[in-house]
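Have a look at the structure below, then the notes.
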Amino acid sequence: MLPGVLTTALTSSPAASQSGAGKTVTSPTEEETTTTLITTTTITTVHMPVQCNASLSGMEGIVESPDPLSSSPYSPLECTYSITVYPGYGVEIQVKKVNLSKDESLTILGYGGTGPELLANETLMSEGQVIRSSTNQVQIYYRSLRQTDHGMFSLHYQAFLLSCSFPLSPEGGGVTVTDIHPGGQAHFHCDPGFQVRGHEIATCLNMTQPHWSSPEPQCVAVSCGGWIRNATADCAPAETTPWLRCFFDSDLDDVPERGIVSEGSILYLELTADSSSIPLLLALRYEAFDGEHCYEPYLPHGNFSSSDITFPLGTTVTFSCSPGFVMEQGSGVIECVDPSDPHWNESEPVCKALCGGELTDPSSTVLSPDWPQSYSKGQDCVWQIHGNEEKRIELDIQILNIRHNDVLTIFDGHDLMSHVIGQYLGSRERFQVVSGGSEVTIQFQSDPSDSSFILSQGFLIHYHEVEPNDTCPALPQIEFGWISSSHSSPVRGSVLTYQCQPGYDISGSDIITCQWDLSWSNSPPTCIKVQQCPDPGEVVNGARSVRPESGFAVGTVVRFSCNQGYQLEGPGQISCHGRDTGTPKWSDRSPKCVCESLSWVFVCVC
């Protein structure tokens, strides 16, 4: 900007005789004219992003958008919040509030694994959403390019115990899991005709990302060919290495429904492969029986009752399927006929886990389609459970191991428009939910478009009727502490607040809520005795003998010294003492280092 000129008229005064810079003064009797040159400098301010970083290490906390009053109203924002919890724990984030514009971004990333993992961003974020990390480190990035009216968000986080992924059952065998959390074990076993190759027991290890101590084993066919001299073994070759490739040719167009029966006490089976490029899964079951009787029926996933356990002519057998299975392909009742060649008049039925159905029994089982085999993609199954009008339905989800693109939803009512009790995907340890009424609807959907379909175990749900109960289970009193409740009884939505006596710190979540499914949001915390004194602080112009990294346990002695020219004012050492009631306490206050003085002369510069 160019200099400006300011001209003013002044009246005569005695002070006018004094000259100053930028002024021209005429005779005192004449009108004075003053000319002032004003130079204006233009200052350009660049609005740098306001940094709002925070590192959080507590097991629970709140992350909120920056207070607009704490930053310039015309500055962009860039914020990084780092959350780190104990190894073996993950970070669960619940979105309490979110209201962002298109000029703002909010990204949640997980760290600690092989690389950053995108957990969520603003385009897929909604209030009430729960986000879980698979590691103990999470970073939240917020950026706003707006000059004013920044958006807002509020996130609540808490640590949760990580778990190992649910182990896959080996083909030709199965797995029993005691717990998928650290310390839990997976016990693998093989069907008759197979043997375990690998470790039969794996333990979930407590790591940054918990994992099993060994990979899933394989079930390998015991042999291909040979003599079988009893009636208890099976030969079950399979389709992939290291299993045996075997093909069966009966020299018949179709194998008879009742199988092949030998005329003598020895049956020779020869399994040959014409081409190793055509795999085939084959399982043979054999049994020795009297030629004047029918053989013992066999019904996987079911049972039967017989009028005679030796199965002579005229014997009738009635079949039934295990809970969760439905009878298909055959008759529910068969009879041993034909004296010249005893055999069953019908083939045994098949018990199969179907996709959906109506259930009216007071207790039963819901299984994923084709259980215990893996379900296929593109499934959309609905089960409706109808109970007594005066009862409630308790679901015991014993196994839940589905793909992350597939969804299991439980509705509190008779159709898909009812209130959602819970929606689940992936693997989860055993848990229970209780309905608010006498009817429950279960829907399972598997992604039909996933080109990389991987077999998963499925789910197993037991249910039974229970008496109406609109409260969460009663919890024990906390030792060395007390509980405050928002309601007189633990009804849905009630909140329990835990506090500890002096000298104790709370371990776990100090606030838990009775949820819609009448389960508590967290396990009750405990009160742990405090065994350390607080940091006594550094001494200015001096030093102490114990560093804070070592901690200040009961019995610790801290000695103080001063730099040259300073002297201690106070005790030279203090010790940490425990107390029966209250937190440990220092024996005295920390000293100070003050300037030494000789008479009135100070020997140090303060």
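For all residues, glycine too, the Cβ spot is worked out from N, Cα and C.
Heads up, TrEMBL stuff is auto-annotated, nobody curated it.
TrEMBL annotations:
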- 24-33: compositional bias 'Low complexity' (COMPBIAS)
- Cys500-Cys527: disulfide bond (DISULFID)
- Cys533-Cys576: disulfide bond (DISULFID)
- 162-221: domain 'Sushi' (DOMAIN)
- 292-353: domain 'Sushi' (DOMAIN)
- 355-466: domain 'CUB' (DOMAIN)
- 470-529: domain 'Sushi' (DOMAIN)
- 531-595: domain 'Sushi' (DOMAIN)
- 9-33: region 'Disordered' (REGION)
Counting only residues 6+ apart in the same chain, whose Cβ is under 8 Å from the Cβ of Cys500 (disulfide bond)?
Ile478, Phe480, Gly481, Ile506, Cys527
Tell me the residue counts in helix, strand and coil for the domain 'Sushi' (292-353), as DSSP assigns them.
0 helix, 24 strand, 38 coil
Please give me the CB contact count at 10 A for Cys576 (disulfide bond), counting all chains in the structure.
22
Could you give me the DSSP helix, strand and coil counts for the domain 'Sushi' (162-221)?
0 helix, 26 strand, 34 coil
Please identify, from the disulfide-bonded residues Cys527, Cys533, the residue with the sparsest Cβ neighbourhood, meaning fewest other Cβ atoms within 10 angstroms.
Cys527
